[in-house]
């Protein structure tokens, strides 16, 4: 494992960062029966004489978020146990909009899968409407996970609420990704973004014992810069 130190010095010099997170407000859709998002000022400046203090309530799987293995496996790792290096570095955005029902090996047939970076973002056929929870989604076929692992992928990101069908109880893709050491990022906003390679960041909060975490995810196009490969397995 190595870190190209020069990469850090180039961050502010070229392309603009693009926010691919869902804004969190009372309009955001949540999973059925999950705690909806709410924000309120628990203390106002008028009350305290100095500051406003807010508080939030929400499911950890609202908006753009990371699933920890503990979300679907009582013996799985929590958010705080995940390697933060996986959430920073080079990513490839792949267009799978032609897969309207499921994302399988054929989804990658026309994509550039040579020398995949450690992070893959899938832009699906579903419009990124953060105010409406979808009735169905193009879910990931768990049989493609070993292929992604073989290519060195350590994070998969999707622009839908789940990598599995919304009504799945077995969650085969979740378990397959976890078994192969691939982290799961859901509900990123990828509409209108071109396929290709990007710098990427989506850090989860350091929540002890938590099954997931909201993230602020952002990408920016790579223009011939050297790869930041800290997320690769040595």
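Glycine is no exception: its Cβ is also placed from the backbone N, Cα and C atoms.
Residues near residue 71 (active site, proton donor/acceptor) in space but far in sequence (CB under 8 A, at least 6 apart, same chain), listed by position: 61, 174, 211, 212. Annotation note: residue 71 (active site, proton donor/acceptor) sits in a helical segment as assigned by DSSP. The annotation active site, proton donor/acceptor is assigned in TrEMBL to 71.
Look at TrEMBL and you will find 31 tagged as substrate binding site. Mapped onto three states, the DSSP output places residue 31 (substrate binding site) in coil. Contacts of residue 31 (substrate binding site) defined by a Cβ separation under 8 A and a same-chain sequence distance of 6+ are given as 59, 61, 62, 133, 161, in order along the sequence.
Counting every protein chain shown, 26 other Cβ atoms lie within 10 Å of the Cβ of residue 67 (Zn(2+) 1 binding site). Residues annotated as Zn(2+) 1 binding site in TrEMBL: 61, 65, 67, 186.
Per TrEMBL, the feature Zn(2+) 2 binding site maps to 67, 174, 186. Counted within 10 Å of its Cβ, the other Cβ atoms near residue 174 (Zn(2+) 2 binding site) come to 22, all protein chains included. Mapped onto three states, the DSSP output places residue 174 (Zn(2+) 2 binding site) in helix.
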Entry from the binding-site residues list 61, 65 having the most other CB atoms no farther than 10 A: 65
Per DSSP, three-state class assigned to residue 61 (Zn(2+) 1 binding site): coil
Distant-in-sequence Cβ neighbours of residue 186 (Zn(2+) 1 binding site), under 8 Å, six or more positions away: 61, 64, 65, 66, 67, 157, 158, 160, 161, 162, 163
